[in-house]
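Q: For reference, Swiss-Prot lists these features for the protein:
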type    : residues                       : note
BINDING : 14, 15, 16, 17, 18, 19, 20, 21 : ATP binding site
C-alpha cells in the first residue's frame, strides 16, 4: 500500500548519458532559490552503506556478476538509502530529488537482463515498503547518443554498466518505455535528445506543476 508523505518525492530515470544528474543539479538550485527545502540524492548510494554497495555494483572488475546478484544488491542499497535519507527528508516535509529509484531496477535487471519486471518488482516491493515517487521523470535518449556523451565527459568515471553492449542499452531503453506505458499516471517522458535548455524547461514545468497540485 502506498505511503502518505509530508514531503514530495521525485525520481529521475533514464539510460546512461541521459543527463539526469545535470537536470537534478539545476532543478535543485532553482527550487532552493524559491525557498523550497530540497534534498538531492542518488542511487545506488546516498548514504554510507549504500555507497559501499555501489562500489561493488559498478566496479569494472566484477564483470562476472550474475543478474540476480545485481538486482539484490541494488535492492539492498535502496532499502538502506530509503531509511536513512529519503524517509527522514519526506517526514520533514522536504522535496526529494532522487537520481534513479526502483524503475532503474525494473528496466536494467527486469527487462534488459531478462529477469522479468514482475520478479524484480517483488524484490523491490519488499525493500521499499510502500514508498514510491509522486512523479517520475524519464529522460528518453538514443543509447548511441547517451554513450557518446559519456565518452566525451572526462570528469565521469566509466563504470561496469557503461561497458555493456549497445544491444543491452537498447533493451534498457525498451524497458523504460514499457514502464512509461504501464505507469503513465506516474511517469512523464521527456525527449532528452534535445538541447539542454529545452529539456530543463520541460522538466521544471512538470515538477512545478506537481508541487502546485499537492
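Yeah, the Cβs are placed from backbone N, Cα and C, and that goes for glycine too.
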Q: When you measure from the Cβ of residue 16 (ATP binding site), which residues in the chain that are at least 6 apart have a Cβ under 8 Å away?
A: 143, 146, 147, 150, 161, 162, 169, 172
Q: According to DSSP, which kind of secondary structure is residue 21 (ATP binding site) found in, if we only use helix, strand and coil?
A: helix
Q: Do you know which of the binding-site residues 14, 15, 17 has the most other C-beta atoms within 10 angstroms of its C-beta?
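A: That would be 15, with the highest Cβ count within 10 Å.
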Q: In this structure, which of the binding-site residues 18, 19, 21 has the fewest other Cβ atoms within 10 Å of its Cβ?
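A: Looking at the binding-site residues 18, 19, 21, the Cβ with the fewest others within 10 Å is that of 21.
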Q: So, in DSSP terms, is residue 15 (ATP binding site) helix, strand, or coil?
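A: Where residue 15 (ATP binding site) sits, the three-state DSSP reduction gives coil.
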Q: Count the other Cβ atoms sitting within 10 Å of the Cβ of residue 20 (ATP binding site), across every protein chain shown.
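A: Other Cβ atoms found within 10 Å: 24.
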